[in-house]
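Here is what Swiss-Prot says about this protein:
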SIGNAL    1-24  signal peptide
TOPO_DOM  25-363  topological domain 'Extracellular'
DOMAIN    34-118  domain 'Kringle'
DISULFID  Cys35-Cys118  disulfide bond
DISULFID  Cys59-Cys99  disulfide bond
DISULFID  Cys88-Cys113  disulfide bond
DOMAIN    120-214  domain 'WSC'
DISULFID  Cys218-Cys244  disulfide bond
DOMAIN    218-325  domain 'CUB'
TOPO_DOM  387-461  topological domain 'Cytoplasmic'
Amino acid sequence: MGTPHLQGFLLLFPLLLRLHGASAGSLHSPGLSECFQVNGADYRGHQNYTGPRGAGRPCLFWDQTQQHSYSSASDPQGRWGLGAHNFCRNPDGDVQPWCYVAETEEGIYWRYCDIPTCHMPGYLGCFVDSGAPPALSGPSGTSTKLTVQVCLRFCRMKGYQLAGVEAGYACFCGSESDLARGRPAPATDCDQICFGHPGQLCGGDGRLGIYEVSVGSCQGNWSAPQGVIYSPDFPDEYGPDRNCSWVLGQLGAVLELTFRLFELADSRDRLELRDVSSGNLLRAFDGAHPPPPGPLRLRTAALLLTFRSDARGHAQGFALTYRGLQDTVEGRASPEDSTESLAGDPDGANASCSPKPGAAQASIGARVFSTVTAFSVLLLLLLSLLRLLRRRSCLLAPGKGSLAMGPSRGPGRSWAVWYRRPRGVALPCPPGDSQAEGPAAGYRPLSASSQSSLRSLVSAL
């Protein structure tokens, strides 16, 4: 009877340790693009060929390109992401990431990188436009100053969901039904530079680069479980005297925000985060006080974001991802992120982002509690096992010799094990001991595996 319980205990032990290790939980970032700027200047991925999945030409290492304009030596602070690697980057603000390649017979020594994961959220892709019928069936127009945001703004004012740029100067508007019947084209087909911005691509010949008009909007109500909010006029720079607001509502007990890009001109350009129900200021960031680099969790059911720029403000702006979390171990906001504890901070400066004195102690306390709980369960299981085994007044397990039922003869020596509450004591049985001869007759010899398990258990006591 004791052996099956012992084997069950040994099988449960790794499982309990695994559960204890998982008690802290983990958070996974949303599966979004690796790029949040339209030209991929923020790409920090690991593609090192000009094509996806090893297609195209291999890139040269940035620390071996000193003969060219850009190398790791020209980026000592790592601002452009260059270093002792050969990953695609965009150090000069070109229309998309690129890399140096071994010079070809045509004298070409660099190539653009086709990176499927480097398309800013809100960009839906490159599509064929044959003109009959047009890929997007709404109104259209042309401009010699066309940028992505100029087209987005035009279609937003017309009340359409989608905006498409083509051939560097043409803009088309459409709806979701147009996209459903659209024909995707290779991403590299949309390679025409926008007439109004040298760092943006505006489709190609007979190719539409299609965007959601919500990109760079100045207001909106967001209820999707997760998504992205851009500063006004994005991917262009935000303009002066902007006063914009967005509402995130009913996404969960906790909201998690992560700033993927934050570049404001100065301290007079400011982003505020407020609880909708109370109006309390939760956080505030500006050009002099940027947000923390990691996820920011706020205990609020609905959040109001307000952005204001002064009369001179011009900068790239911001891009943030959000997602709603339930009030569980995985999504629980820390006390300093709660609405009540932040309501008294009118400035929203960086002091509100730093950990409070009790945060580390609370985290340690939680870990200690989970550890004590797990080992309490292990102790209860061990005590239950000992109670079952206590029915035997003596278990005989020989040493290196053969099993002897009774007094030891020869080099082997018998052992009598008395289990008492709450622990066991192992003592050698002297020759002729009644404990070794009497009760042993009522029990079968232990198997080799049981002897090994018992020996391990005794040594641990």
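For all residues, glycine too, the Cβ spot is worked out from N, Cα and C.
The disulfide-bonded residues close to Cys113 (disulfide bond), defined as a CA atom within 10 A of its CA, are Cys99 out of Cys35, Cys99, Cys218, Cys244. Note: the Cα of Cys218 (disulfide bond) and the Cα of Cys59 (disulfide bond) are spaced 40 Å from each other. Under a cutoff of 8 A between CB atoms, and with a sequence separation of 6+ in the same chain, the neighbours of Cys244 (disulfide bond) are Cys218, Gln219, Ser231, Pro232, Thr306, Phe307, Arg308. Taking H, G and I as helix, E and B as strand and the rest as coil, DSSP gives the domain 'CUB' (218-325) the counts 0 helix, 60 strand, 48 coil. Across the range of the domain 'Kringle' (34-118), the DSSP-based residue counts are 9 helix, 9 strand, 67 coil. Ranking the disulfide-bonded residues Cys35, Cys88, Cys118 by Cα distance from Cys59 (disulfide bond) puts Cys88 first. The separation of Cys88 (disulfide bond) from Cys118 (disulfide bond), Cα to Cα, is 11 Å. In sequence order, Asn48, Thr50, Cys59, Leu60, Asn86, Phe87, Cys88, Arg89, Trp110, Arg111, Cys113 make up the list of same-chain residues 6 or more apart from Cys99 (disulfide bond) whose Cβ falls under 8 Å from its Cβ.
Helix first, then strand, then coil: DSSP counts for the domain 'WSC' (120-214) stand at 18 helix, 34 strand, 43 coil.
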